[in-house]
């Protein structure tokens, strides 16, 4: 695993979650980092999102303090005070301004951060900081995730782009209960990040959906330690996007109770926005998702989901391909059903829908919908 | 059960569905009926919807021919021909113009109506017509429904309003795989129906959701045999709405795999449209629905679902009531959790959300989301 220069990681258990699970994480750099963030569009914003949106405008950032178990959302003035108390305590030990730490939380909404559990453990959190402890950090931000999510790549110039994320449910375009942090040792300006990070998010994290539920806590931070000069910007940008896309893929792969990753590809739409609306409508349809779970080649549900979006098209002109195999054309199955069923059983599926209305396309990732999703979410908190 | 004068019913099995289930139904009146219809907004419209939209403009209507098992959607020219062939055959036996019969279908999309099974059974369908056979008719339009849905009421003037419906999944505002037929012996004009039926549908069938999936076949027809003069219009209209609302309730009650009916009530919104968007967002949130299934008083999911709608409000001002009991105010549970859990276990739940942003309100019905919904829909067709 490539780790970018200038970053230290820590992850500990302080009892916010049950059963000694890791629940408090820190990414710290002695360097002054260039940083930017993209946040949830939910009207109900968690305290760390409200705080993070403010702090991200500071010139000098030194890291991210994240916790799982409690989202610190819908916690009011008291939630705000507690978040600040914790940031200040960590900053005191690190001898940095508290405003140079970016907060992130994920977990149950409406509960306060337990100061009595967190504050006494901060010395341990700090003494555990090391270059290697990124897995502990990744575990400390997990909720219903079943595995830590880390992706790392290196350019030919030796620049490392490292991403860590969490998310498995409440996942929808415009982000989700999703935290993703992208770290690099490249030298970039804040202005560059302000422009490039939203674009990167639009092409990665905003194109995944598990359940159409968008969270109060979604946050993507990008931090740069500025230790290495970028020679090939094109390569750097494409690797950053790859890291973001692979993290997004891992979130979908770990979608609550899911058994399949389904790429929805809309082609031949009139406009990009129409392609996006159609892709979203199919990706979020419970009837499409359960059909994929059951391996039932019931293509009528795909037509119905396209149509309920309200976008106008000629249904009879639609062609559907499954993993590249022609499936439906002119309202008819054009391949034998056994073959399509076999493809539907695979864990990775590409569903390509051609509309013949224009030239625009859009792709997004979704999952199937299973009994296990219900079990996880009916009993998550209790 | 009150049956309106002038109507005969029939329901038979002709093998479209498996296991000798009833699958072909006829409502017939020797009288010339006044009729109107409201149809799905899905871009992909089934043949009976396309045909029904045309035929409903005819002056003289004699009844409805409905089938289950095959939706006759995405069936192209051939589907159109088959629907006409069947209508003409029934009309021939009844000695009426085929254009006076309104078609309705529900079932699997993309399959053709099996003429070889339907046509030989039409004499039986017609010979079974009787005043009493409304239950057979109601059963003949069922798909995943677990019970036939009939509601009937009588005004003081002796006017009967009789409703029959089907629907259990693919249910969403702007209707669903939902057929509902409202029959009355009152005398009304077509112009009156054109105005009043859409209003009635807006306040009943368009306010229910099981899964947010809108079907290709949704149809509401209202037929009037004109045998009785209306004296009290206000009473007549309110009884019609009651019949429609009770049918809508029965559809939700029978929602696929559901264990609860949940009335979502938004109060204090700025505009009616905002209230509607907020209600819909909560009613369709898988995380809210699974929390109700699990009986988990995780109110954060309700806040998150309200916020993801994009409507602006102050979350801290929100008050939530469950079955009239204060639950959340100022971001805090204000009643003991055991009490709320007890209420959540009930089969009928009213979730009232007060925003304090204005004076507009909106209500709709939804269900919880269970493993059984997944089982039904993963394996429905096969």
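Using N, Cα and C of the backbone, Cβ positions are placed for all residues, glycine too.
Automatic, uncurated: that is what TrEMBL annotation is.
Annotation note: residue B:377 (substrate binding site) sits in a helical segment as assigned by DSSP. Here TrEMBL flags B:143, B:166, B:177, B:256, B:377, B:382 as substrate binding site.
Look at TrEMBL and you will find B:177 tagged as active site, nucleophile.
Contact annotation for chain A: of the listed binding-site residues (B:143, B:166, B:256, B:377), B:377 place their CB atoms under 8 A from a CB atom of that chain. It is B:166 that, of the binding-site residues B:143, B:166, has its Cβ surrounded by the most other Cβ atoms within 10 Å. Note on residue B:377 (substrate binding site): other Cβ atoms within 10 Å of its Cβ, all shown chains, come to 28.
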